[in-house]
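Colleague: Pasting a structure here, questions to come.
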Amino acid sequence: MRIGVVTFPGSLDDVDAARAVRLAGGEVVPLWHADADLPAVDAVVLPGGFSYGDYLRAGAIAARQPLMRAVVDRAHAGMPVLGICNGFQVLCEAGLLPGALTRNGHLHFRNRDQALLVERADTAWTSSYAQGQTIVVPVKNGEGRYVGSDADLDRLEGEGRVVVRYAGGNPNGSSRDIAGVTSADGRVVGLMPHPEHAVEELTGPSVDGLGFFTSVLEGVLS
Amino acid sequence: MPRVVVDVVLKPEISDPQGQAVLGALGRLGHTGVTGVRQGKHFVLDVEGTPDEAELREIAENLLANPVIEDVELHLSED
């Protein structure tokens, strides 16, 4: 199964994301943000980092690059897309996910191992987990506070589109402890925490993050 | 050349920790009369020919501001 991993100028975690895809058993297709065409891939990962130096707003300029137009079109046709950290910001800016990510409430960059409660185990990226499962993966962000109007957040919760929630403390002041959300069809997922950094005992706090990548591979196969 | 100014500020319902930090600093400097600070962005666009207001509004709302969390104001001037 071919999983595209996009590199933007300023991406940091594209190599780790590609590594996580390989460890999960997928074939990585490196993608460059300025390309107009999206090659034949079964899913796409938008990695973390500081695309375009976070100028204007985090993810704003990346979301308007040529490749992203193709990603948005394919996502509307059902292709799974996972955005991690800066990738989540890009997905919100591109209009594929609701809400926005802004400066952390305490204004500090926060980097720690974070417990997450999996609330949706039936999306394209979370089927390897059990609903209600707690996992631990790193979180590292300066603009990770998920916000939206109360009406929008109520609707999101009503539709069951919160995928993961912070447990044991909210690292950035996100509304309602929201750490990740999904599109209405469950194919597009945005996560502020970093599952790609928790795929091996040697380098991560757990291997809990691998499930996001095995989920999409299982889904594509079935 | 016509100049267009675009001001972007977080919507009132979105909390602004940067503005609150500035407010805290003002209090420590003795400026206790300031009771609120909202921090925003200010863009100055030089535009060739006659500015097309509809196009400028699209630029402001589709790129310079994120309408999910920000309000935007357009100011056209001829200086």
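Yeah, the Cβs are placed from backbone N, Cα and C, and that goes for glycine too.
TrEMBL does not curate its annotations; it predicts them automatically.
Below, the features straight out of TrEMBL:
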type: ACT_SITE; residues: A:Cys85; note: active site, nucleophile
type: ACT_SITE; residues: A:His194; note: active site
type: ACT_SITE; residues: A:Glu196; note: active site
Colleague: Any same-chain residues 6+ apart from A:His194 (active site) with CB under 8 Å of its CB? Would you list them in sequence order, or say none?
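Modeller: A:Asp13, A:Asp16, A:Gly48, A:Ile84, A:Cys85, A:Val137, A:Pro138, A:Val139, A:Lys140, A:Gly209 - these are the non-local Cβ neighbours of A:His194 (active site), listed in sequence order.
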Colleague: In terms of DSSP three-state secondary structure, what is the assignment for A:Glu196 (active site)?
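Modeller: In three-state terms, A:Glu196 (active site) counts as helix.
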